[in-house]
Amino acid sequence: MSLEIEKIHAREILDSRGNPTVEVDVWTCCGFGRAAVPSGASTGTYEALELRDGGDRYDGKGVLKAVRNVNEVIGPKLIGMDVIDQRGVDQIMIEMDGTPNKSNLGANAILGVSLAVAKAAASSLGMPLYRYLGGVSATRLPVPSLNVLNGGKHAGNDLSIQEFMIEPWGADSFSEALRMAAETYHALGRILRGKYGNVATNVGFEGGYAPPISKTRDALDAIMAALDVTGYTEEIKLGLDSAASSFYLDGGYSVDDNRLSPGELIDFYVELVKTYPIVLIEDPFEENAFEEFAELTKKLPDTIIVGDDLYVTNMARIEKGIRMRSTNALLLKLNQIGTVSEAFDAATLAYRNSFKVMVSHRSAETEDSALADVSVAIGAELIKTGAPARSERNAKYNQLLRIQEALGSSASYAGRRRWS
């Protein structure tokens, strides 16, 4: 059966930080798909390139060039193609762009089309997106890794570490995990408000609190106090996203008002894992520190060490990390690589080498909930899409609740008391 692409149209919309982004619509005879593209605040040097307009309009952040590339360049080329040929569609766009980082047409233009095509295909076949992309084996719900306390580039405080996350590995289902996390989030808010005043419950880009805290251990202690209140000290574990490139300069790292060498930073993480129930650390070093990543992974064999800026969902960099045993997990962001098929290829490579996969949002998001479907389709162990607050974050969590409901008794949960 051939379901031809009949029309493609892009427009400029606003993301959750009030900046422009690309939204793409795709039509077939009997289906429709709409996709909106996210954007990051802390971005890796090696990511696929977002095309921005420059100039005065929207402080240079407009995306009309990318929109025109969809409407005038990409769209006409894809009209008449089979919407089910996802890899063929993606490959044509890659070839049309002709650059390693998609800087000609723009990764924001290409991803918008790629994801909208996938949605249109699912719609045309009368299937949910997770089932279309993942097949009959797409039944596992990921463990949510919720960023409840913000620092770094995601907040206006003095914390070096960018994200402090809670992960309900001990829940029996995704819905129970989300409930536990939401209860803990609100308990944390009450604790922070009582200690620091109302200003402490201002939130960062991803919905996590941004209190006037400057020390890593103070942030972790606040979260542990919240877990004591909710009683989920066994069910919920902790994760960190250091985003260490943001506090790296001239061979050293500035953490908690201290200047640390790479070796001292390794010791810092090891001590934190000994003291707190931390089971995951993302980007513990700057984006080219493959050797330091490998040393930490070796020293903490029971901890999930995740590469984000290290890999930027790029196959060549993932392969290097595999050879060097730099991490044991991949953070997968669709807009880092720019097409649906390349993202799935990256996940497949990770799984073949016994990596875990953590699907992730960006700090500037939209109401698009496709990330939830992608996480189930890929079979990801984890999903990171912010605190259980702000609608652009909860859009993903709520979609996972719907998927769990639709799957019924066939639904499974990636946690199941692994660290309890």
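Backbone N, Cα and C atoms are what each Cβ position is placed from, and that goes for glycine too.
Listed in Swiss-Prot:
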ACT_SITE  Glu206  active site, proton donor
ACT_SITE  Lys333  active site, proton acceptor
BINDING   Gln162, Lys333, Arg362, Ser363, Lys384  (2R)-2-phosphoglycerate binding site
BINDING   Asp241, Glu282, Asp308  Mg(2+) binding site
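The record gives Asp241, Glu282, Asp308 for Mg(2+). Within 8 Å of the mean position of their Cβ atoms, the other Cβ atoms in that chain belong to Gln162, Glu163, Leu240, Ser242, Ala243, Ile281, Asp283, Val306, Asp309, Leu331, Ser360, Lys384. Counting only residues at least six positions away in the same chain, the Cβ atoms of Pro144, Ser145, Leu146, Asn147, Met165, Asp241, Leu331, Met358, Val359, Ser360, His361 sit under 8 Å from the Cβ of Lys384 ((2R)-2-phosphoglycerate binding site).
Taking the Cβ of Asp308 (Mg(2+) binding site) as centre and 10 Å as the limit, one finds 29 other Cβ atoms among all the protein chains shown. Of the candidate recorded positions, Glu206, Glu282, Asp308, Lys333, the one lying closest to Ser363 ((2R)-2-phosphoglycerate binding site) when CA atoms are compared is Glu206.
A simple way to gauge crowding: the CB of Ser363 ((2R)-2-phosphoglycerate binding site) has 23 other CB atoms within 10 angstroms, across all the protein chains here.
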